[in-house]
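S.K.: The transmembrane segment annotation in TrEMBL covers 29-48, 55-80, 86-109, 116-138, 150-168.
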Amino acid sequence: MFEVIQQLKTQINNLELRYWYEQDVFSPHWWVILIISALFVLLLCLLIDRQRVVFIWLVFFISFLLAGLVDEFGTYFGLWSYPHQLLIFTSRFNTVDFSIIPVTITLVYQFFSKWSFFLIAHIIVSAIIGFIGVPLFVHFDLYQLNQWSYWNSFLTVLALGMIVKLISDAIDQYKHNKTY
């Protein structure tokens with residue numbers, strides 16, 4: 001059974017690579033993904049707090065890892081899919097997981113450190129992503145909702161941001177309480 005699964009995975013990978021190489025790479029969709037990703041990373045670089053640059057980048061990487069894990073779960077179980085990829089060998093470098101969600105969570109964390117302000121700002125950002133951003137990505141065929149909804153997207157982004165804040169605050173607290 002394991003060998004059959006591996007053979008099927010190899011066939012799927014070969015088909016995906018062929019599709020990406022023949023129809024996706026350098027297509028208008030591919031360029032949109034590249035440009036949006038670059039713009040969001042540039043936005044983070046321009047707005048990052050220079051006094052806390054290392055810690056804020058840590059928040060970004062925590063956001064990136066958690067968004068990637070959630071995405072792996074969702075794509076594995078067929079909840080959503082991406083018809084177009086920036087890089088074929090990993091789905092973590094799609095626009096949503098690589099730039100939009102991690103950058104917005106990171107910037108909200110940076111600008112709103114108190115929980116009450118963070119929560120208000122993050123609810124607004126999550127609603128914008130879930131009810132405006134996701135529908136736009138669906139409309140432009142960058143994202144497909146298979147067994148998923150805009151409401152679920154909103155709740156997932158909201159939960160992700162709160163988990164990132166909890167983890168980041170715990171690391172920051174540990175860093176400040178550590179005695180040398």
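Quick reminder: no glycine exception, Cβ is built from N, Cα and C everywhere.
Automatic prediction, not curation, is the source of TrEMBL annotations.
In the displayed structure, how are the listed features positioned relative to their neighbours?
M.R.: Same-chain residues lying 6+ beyond the ends of the transmembrane segment (29-48) with a Cβ under 8 Å from its Cβ atoms: 56-57, 60, 83-86, 93-95, 98-100, 103-104, 106-107, 110, 140-142.
Same-chain residues lying 6 or more positions outside the transmembrane segment (150-168) and placing a CB less than 8 Å from one of its CB atoms are 55, 58-59, 62-63, 66-67, 70, 101, 105, 108-109, 115, 118-119, 122-123, 125-127, 129-131, 134-135.
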S.K.: State the residues, same chain only, that lie 6 or more residues beyond the ends of the transmembrane segment (116-138) and have a CB under 8 A from a CB inside it; answer 'none' if no residue qualifies.
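M.R.: Sequence-remote neighbours of the transmembrane segment (116-138) are 95-96, 100-101, 104-105, 108-109, 144-145, 150-151, 153-158, 161-162, 165.
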